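J.: For CYS70, CYS72, CYS85, CYS88, the entry in Swiss-Prot reads Zn(2+) 1 binding site. The Mg(2+) binding site annotation in Swiss-Prot covers ASP460, ASP462, ASP464. Residues or ranges marked as Zn(2+) 2 binding site by Swiss-Prot: CYS814, CYS888, CYS895, CYS898.
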Amino acid sequence: MKDLLKFLKAQTKTEEFDAIKIALASPDMIRSWSFGEVKKPETINYRTFKPERDGLFCARIFGPVKDYECLCGKYKRLKHRGVICEKCGVEVTQTKVRRERMGHIELASPTAHIWFLKSLPSRIGLLLDMPLRDIERVLYFESYVVIEGGMTNLERQQILTEEQYLDALEEFGDEFDAKMGAEAIQALLKSMDLEQECETLREELNETNSETKRKKLTKRIKLLEAFVQSGNKPEWMILTVLPVLPPDLRPLVPLDGGRFATSDLNDLYRRVINRNNRLKRLLDLAAPDIIVRNEKRMLQEAVDALLDNGRRGRAITGSNKRPLKSLADMIKGKQGRFRQNLLGKRVDYSGRSVITVGPYLRLHQCGLPKKMALELFKPFIYGKLELRGLATTIKAAKKMVEREEAVVWDILDEVIREHPVLLNRAPTLHRLGIQAFEPVLIEGKAIQLHPLVCAAYNADFDGDQMAVHVPLTLEAQLEARALMMSTNNILSPANGEPIIVPSQDVVLGLYYMTRDCVNAKGEGMVLTGPKEAERIYRAGLASLHARVKVRITEYEKDENGEFVAHTSLKDTTVGRAILWMIVPKGLPFSIVNQALGKKAISKMLNTCYRILGLKPTVIFADQTMYTGFAYAARSGASVGIDDMVIPEKKHEIISEAEAEVAEIQEQFQSGLVTAGERYNKVIDIWAAANDRVSKAMMDNLQTETVINRDGQEEQQVSFNSIYMMADSGARGSAAQIRQLAGMRGLMAKPDGSIIETPITANFREGLNVLQYFISTHGARKGLADTALKTANSGYLTRRLVDVAQDLVVTEDDCGTHEGILMTPVIEGGDVKEPLRDRVLGRVTAEDVLNPGTADILVPRNTLLHEQWCDLLEANSVDAVKVRSVVSCDTDFGVCAHCYGRDLARGHIINKGEAIGVIAAQSIGEPGTQLTMRTFHIGGAASRAAAESSIQVKNKGSIKLSNVKSVVNSSGKLVITSRNTELKLIDEFGRTKESYKVPYGAVMAKGDGEQVAGGETVANWDPHTMPVITEVSGFIRFTDMIDGQTITRQTDELTGLSSLVVLDSAERTTGGKDLRPALKIVDAQGNDVLIPGTDMPAQYFLPGKAIVQLEDGVQISSGDTLARIPQESGGTKDITGGLPRVADLFEARRPKEPAILAEIAGIVSFGKETKGKRRLVITPVDGSDPYEEMIPKWRQLNVFEGERVERGDVISDGPEAPHDILRLRGVHAVTRYIVNEVQDVYRLQGVKINDKHIEVIVRQMLRKATIESAGSSDFLEGEQVEYSRVKIANRELEANGKVGATFSRDLLGITKASLATESFISAASFQETTRVLTEAAVAGKRDELRGLKENVIVGRLIPAGTGYAYHQDRMRRRAAGEQLATPQVTAEDASASLAELLNAGLGGSDNE
């Protein structure tokens, strides 16, 4: 018995480890793992089914086939444990050792490991500095390589063909050494002196200047250093011993009918062993060289196929023409080990079934079919039955349950009480896709789901299925109840708004009961309270919509949180009074005293949560649902064909449009308009007609005429069912009603162009064949798009999760003063997002001052909640600097202050919260709602794009920012700066509108002037760009020679002549180097200086510029000297929707990016080349000028002699995020990405908090490039983790040394995921082979910091409740304590052992 205890103790020992290291295996290492050499390719004997000795399944090497029984049957049972049978050589032990014991094959000739050879960049090639082609030719026995040149003129590593080798042999005899095959490469690798090589390369690096050479050298140095530091030897990349996987991991299973199913690996191993044995035999026989060589090549190919089949040449196929699955295929891809078995496992204690509605459930309940519950909770029931003494053994209990005895159901009730279960609906796009509920037993076979949680699950009842999981341990139940219960997840983690919001029927019911109606039954009554209202409604004395006066008691919270009652008579309706009965204490009556649509209900729940907290909100939500369902049923609202009222005006609107189209057609035929213009106009006419029809229809539906009690006619909001459904937000929208009762409108062809004849019919009238046929395309495209969208969106989510998975809140406050300046989002005249929405739930980075004073309004480090935001709004603050994760100083993870409020809980975020995953889910989950297509702007839209003036909407004062201007002769301001912004400020100092003002715009009102709403404040010519003079004087032409640099053109219509500057391509050779310019001189002919500088005013003219002035004319400042026609770039497609979001997060460079100024200085143009011009920026402080070549066809925004700041736009276009980061810094690029992503989501009406996007941006900015190393051990130009540089610099500065300087890098999310420090995480994401190869060569150590790594090694994740566990481990490790392993006492062990023996181990004695 005491032995047994030892044995049990050995079994309970868990592996304790803190990191995982990956490295190259040396031949000795492989032999030390091995339990014996596999010498034969045989697997099992076909008659006895016993493994062959020394074969691939040999019992002597790998262990016994049956528990505690040797192969020949001499020793059986536990008492012989550990004996090695002298007859068959098998150790008597458990059979599970066949899963862990490895074997090996001694290769007769060394073979290269294909991963280190072919995985680009080739490690062997990089190390030897030889091209991959040459190495392959040596390895596959096509050429020789010189290993030792000796005294000859042959270089080491020189490649020789067969002929060259024979010549060399004749010439030098055995002076030199040249070989072929892997032996040659092995010899080369063995003889390398890594340290020496490293030194030489470093010296070379310091001497060289060429960028490409530097890159190459840095790569080699890094690789060599990796080998030196990790202790890997380069020759280990060539295998001399091949490990053999344990047999139970590559099983051979007999099928019925005498056939066998086998793992492909066995085939691949057999090939290797066969060829290896043949090679050994040939070597023993001293066979001719060519035969041996061929056999060696075959062996090399066999080993390649085993490691990574298909990586080189054709994949080896099995009997069924399918390529065999090699070791590499086992781990990579969706079906590989990582993604199939380690990151996603199937779990026990789970079941799935169809879902149906449970409208009578409470929010925290779900209906669970009895059958399912019985199956899921079986072990608990067995336990209870035994405990009660109702069953003597587990077996008896099992029988009782199978018979479904009455007592079993009682016990099931007990077991289930207070035991939450998890419900999950696939696809689980965000964390609300799994929530916990308390089960209620129901008859039937479908799970019942509470209607209010459908929004979170995105579930409907058209056949959706859901899975149920049972949390077993007490801890799991606790977590399910405290964190995952549906009642704890009322707010959405994406935007902090309620997600438990009524929809559809419930909304319709509440809307119906809160509407009022003129002259309804019972109008004008005065009631004592809501109770009486309900009584008279039930008695039929009053209609639900009757306008009445009711005595209402409201409760308000005072400072102490006590409720204070206010009672008053309110004008309301019967329905609203009845609804007031379910509203919790503490909310004002005004909240229900309106027609409640979906938005209003959502706001109501939100207010309730903020004022009263969780519990009342949950109860209120449930009550609203019950009430809504009840009154929706009472309302009897339904849809009939007569509800779709077609407006009378429709007919005349359509005939008007047809007349206009006919007119355009005539103009086209008489040649007044082009085909393109005609098409665009026709489409505009029909689009306008469609709008008019739908407006007429909505006006018609919206109101109805009724007679009030004084007998007069009155308009009131309509009670049309369809209108009510749309107006309340229950179902449908104006656009859909338009198709039912208006006209369907314009349709698109499959290629995306619009068909110019619209469908004038609607669905009520019905479509004719042609109209139906036109419609089919759109319908199909919709379905196809949806399928594509789902896949794309899922992939985006996966990449986002992968890049952000290891970001966890790790400390309370990092203490940084950095932050982002938040301002309201204003586009043109609309506030798209007020400041309040942007800063709510953030922490201030510095004190917020009261505008215009020095008083502190909000102190630094304040979490801005609703009350603070009210204060900011009251004092009209329009910019707040808040903390952001992008500027957080925490090394691993972020701090709670930089993140701010946990949106789903409403308080500051807890430590250990996995904000990275939450951010990824919040951005990815609405992905399916985004569009997939790129938008073609055509027709009406493109003409609207050419704006030519700014018209303000509100009154206020104008504020111009970064503006340079001059006053022209008529006293108006003319803008001469490039990126001027015009803001409209109201009387409280808040920004209401904001516009971009182009160069050359003439301002009607100046900075700080008051304007009225609707006033035009600036206008300009949209088609030409002017050149504006900043000084007055006389014009002097320079280098303007007719026929060489300019040509004179006369306009046919007006007879005015103008000078046109020739493009350099059109000039004669003499004119190529001339620079036409206009110089401004005073009356004496002296240069006039530009005010504020010592530069003479001269304006160089680019090609195509038009000058309408003559030499010597007097001009005044602000006049237009020349005009440059702008080519309208046609209609540009804007990428929208998902592809745009993906481009932003992948940080892809746009096709023709904007060109930004690299440094500040004065612009000039140098010598031009064929297709490019040379832009030179000379800094004012006299340091080196910066030059850049720009293609001629790019329109430049700057003139010669103009001053630019770093990061200014030189040529328009979409900005590349990398440039923004380099020139304007981290905050600018964050702002850019956040705003651009938000624009896409805002267009679809999806709300996502900025925080989530910032979290992803932080992960994209993880890396930095070292510019100068200082005293650190980084290499120049090396890319390292930003946190590592920070930590290293901190240590160096503490010791008074010079730190490294670096620049931050922006990586796309895929790149960033693969560049993470953790190789396990990267390997399980994409490009598994490459990641593992790199990691092995560098001998990387994975510290298991992220979530993914910990899931893969099967540990609690370092987030959430696992965070404390990991913190505790770290503490203990730091203190150097032993980590406690669960000790088994002798008593426990013997007791459990006895039970084991009774249960079945001991049953085999009496055979």
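If you go along the chain as it appears here, the first residue is 1 and each next one adds 1.
Each residue, glycine too, has its Cβ placed from N, Cα and C.
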J.: Please give me the CB contact count at 10 A for CYS85 (Zn(2+) 1 binding site), counting all chains in the structure.
T.: 20
J.: Using DSSP with the three-state reduction, classify CYS898 (Zn(2+) 2 binding site) as helix, strand or coil.
T.: helix
J.: Out of CYS72, CYS814, give me whichever of these binding-site residues has the highest number of other Cβ atoms within 10 Å.
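T.: Result for the most crowded candidate: CYS814.
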J.: Could you work out which of the binding-site residues (CYS70, CYS88, CYS888, CYS895, CYS898) has its C-beta surrounded by the smallest number of other C-beta atoms within 10 A?
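T.: Sparsest of the binding-site residues CYS70, CYS88, CYS888, CYS895, CYS898 by Cβ contacts within 10 Å: CYS88.
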J.: Determine, using Cα-Cα distances only, which of these binding-site residues is closest to CYS888 (Zn(2+) 2 binding site): CYS70, CYS72, CYS88, ASP462, ASP464.
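T.: Nearest candidate: ASP464.
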J.: Neighbours of the Mg(2+) site ASP460, ASP462, ASP464: Cβ within 8 Å of the Cβ centroid, same chain, sequence order.
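T.: For the Mg(2+) site the neighbour list reads ILE355, ALA459, PHE461, GLY463.
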J.: Please identify which of ASP460, ASP462, ASP464 has the densest Cβ environment, defined as other Cβ atoms within 10 Å, among these binding-site residues.
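T.: Selected residue: ASP464.
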J.: Rounded to a whole number, how many Å is the Cα of CYS70 (Zn(2+) 1 binding site) away from the Cα of ASP462 (Mg(2+) binding site)?
T.: 59
J.: Considering only the binding-site residues CYS72, CYS88, ASP460, ASP462, ASP464, which residue has the minimal Cα-Cα separation from CYS898 (Zn(2+) 2 binding site)?
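T.: Result for CYS898 (Zn(2+) 2 binding site): the nearest of the binding-site residues is ASP460.
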J.: From the Cα of ASP464 (Mg(2+) binding site) across to the Cα of CYS85 (Zn(2+) 1 binding site), what is the distance in angstrom?
T.: 59
J.: Between the Cα atoms of ASP460 (Mg(2+) binding site) and CYS88 (Zn(2+) 1 binding site), find the distance and write it as a whole number of Å.
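T.: So the Cα of CYS88 (Zn(2+) 1 binding site) lies 64 Å away from that of ASP460 (Mg(2+) binding site).
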J.: By CA-CA distance, flag whichever of CYS72, CYS88, CYS814, CYS895 among the binding-site residues is nearest to ASP462 (Mg(2+) binding site).
T.: CYS895
J.: Closest of the binding-site residues to ASP464 (Mg(2+) binding site), Cα to Cα, picking from CYS72, CYS88, CYS814, CYS895?
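T.: Checking each of CYS72, CYS88, CYS814, CYS895 against ASP464 (Mg(2+) binding site), the shortest Cα distance is to CYS895.
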J.: Taking the mean position of the Cβ atoms of CYS814, CYS888, CYS895, CYS898 as the Zn(2+) 2 site, which residues outside that list, in the same chain, have a Cβ no more than 8 Å away, listed in sequence order?
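T.: Same chain, not in CYS814, CYS888, CYS895, CYS898, Cβ within 8 Å: GLU811, ASP813, THR816, ARG883, VAL885, SER887, ASP889, THR890, VAL894, ALA896, HIS897, TYR899.
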J.: To the nearest whole angstrom, state the Cα distance for the pair CYS88 (Zn(2+) 1 binding site) and CYS814 (Zn(2+) 2 binding site).
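T.: Rounded to the nearest whole number, the Cα-Cα distance is 67 Å.
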J.: For the Zn(2+) 1 site given as CYS70, CYS72, CYS85, CYS88, which other residues of the same chain have their Cβ within 8 Å of the site's Cβ centre?
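T.: In sequence order, the nearby non-listed residues are ALA59, LEU71, GLY73, LYS74, TYR75, GLU86, LYS87, GLY89, VAL90.
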J.: Give the distance between the Cα atoms of CYS814 (Zn(2+) 2 binding site) and CYS72 (Zn(2+) 1 binding site), rounded to the nearest whole Å.
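T.: Cα to Cα, CYS814 (Zn(2+) 2 binding site) and CYS72 (Zn(2+) 1 binding site) are separated by 68 Å.
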J.: Work out how many Å separate CYS895 (Zn(2+) 2 binding site) and CYS72 (Zn(2+) 1 binding site) at their Cα atoms, rounded off.
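T.: The Cα atom of CYS895 (Zn(2+) 2 binding site) is 65 Å away from the Cα atom of CYS72 (Zn(2+) 1 binding site).
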